[in-house]
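Have a look at the structure below, then the notes.
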Amino acid sequence: MALLIDGKRISAEIKDELKEEVAQLKEQGITGALAVIQVGNDPASSVYVRNKKRACEYIGIDSLSYELPEETSQDELLALIDKLNKEEHVKGILVQLPLPEGIDEDAVIRAISPKKDVDGFHPENVGALMIGQKGYISCTPAGIIQLLKRSDIDIEGKHCVIVGRSNIVGKPMAILMLRENATVTVTHSKTRNLKEICKEADILIVAIGKKEFIDASYVKDGAVVIDVGIHRDENNKLSGDVKFDEVEQLCSAITPVPGGVGPMTIAMLMNNCVEAMRHE
Ligand SMILES: Nc1nc(=O)c2c([nH]1)NC[C@@H]1CN(c3ccc(C(=O)N[C@@H](CCC(=O)O)C(=O)O)cc3)C=[N+]21
């Protein structure tokens, strides 16, 4: 039977550790807030924003939410970020992605002070990760490292195959796995022999955004499978990029959707917020 990697449990464990740390900081007079900005009202985004707010309340940091209308201009958004950059109590700023068309995401990410960029999306933080220097690390890949470590899964020397090369998951994931001494292969939509390469993975990390794309024929016996995908059907049922029922039969450990990687993203966001408070 495959080990079910319980992201819900592990994220709760991390949030409890952070809650304690926030209480200690409070005793030293250190408090802070996370500012979350959402432009437009995409229902999926609203779910994530709500979960972030709840996590802030749980660990004991203030949360400020800015719900801006779909027609907000880039200049208005940049002006709000500028204001929050200067506000001392605001330790973290998160602009929910994707943004409506007509707003330049790169310009928005660049406008956030790297010290408050708790998403780890700013080029300064991405660059620091690349060369092993201190900085905020993108929450989803950082959460996956925690899932593996806290499930006692060895990474060193393993062949890790990543499916997907996005700036927020695939690319930083590759750097983090390298840092843990894995041998890393990054694959993507133009990869030839994708199936053969995936079948060589000791650890297979799937972040391609295609519902149940990875079936048992892509997975080596005994591999560890991490599913970053999240898809919602008409009945609001969630599924991932991996055909769970089929793959579970032959792998040694697997993350479910929901309850796998998703909750870890939020736990690591909270971790970055606490780090931001400590920097004061
Ligand atoms: N600036 C920015 N930072 C992000 O971190 C960011 C973003 N934009 N845009 C969208 C993605 C997606 N994301 C998720 C967070 C939590 C769950 C999560 O909690 N998932 C639950 C299920 C929640 C549900 O019911 O939908 C689970 O998998 O168990 C999922 C996805 C953060 N993102």
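Cβ atoms are placed via backbone N, Cα and C, with glycine included.
Database features (TrEMBL):
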BINDING   Gly164, Arg165, Ser166, Ile230  NADP(+) binding site
DOMAIN    5-119  domain 'Tetrahydrofolate dehydrogenase/cyclohydrolase catalytic'
DOMAIN    138-278  domain 'Tetrahydrofolate dehydrogenase/cyclohydrolase NAD(P)-binding'
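Locations of recorded TrEMBL features on the structure.
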{"residue": "Gly164", "record": "NADP(+) binding site", "CB count, 10 Å": "21"}
{"residue": "Arg165", "record": "NADP(+) binding site", "CB count, 10 Å": "18"}
{"residue": "Ser166", "record": "NADP(+) binding site", "CB count, 10 Å": "16"}
{"residue": "Ile230", "record": "NADP(+) binding site", "CB count, 10 Å": "19"}
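Overall, the recorded NADP(+)-binding residues Gly164, Arg165, Ser166, Ile230 cover a maximum inter-Cα distance of 16 Å.
Confidence across the domain 'Tetrahydrofolate dehydrogenase/cyclohydrolase NAD(P)-binding' (138-278), taken as the mean pLDDT and rounded to a whole number, stands at 98.
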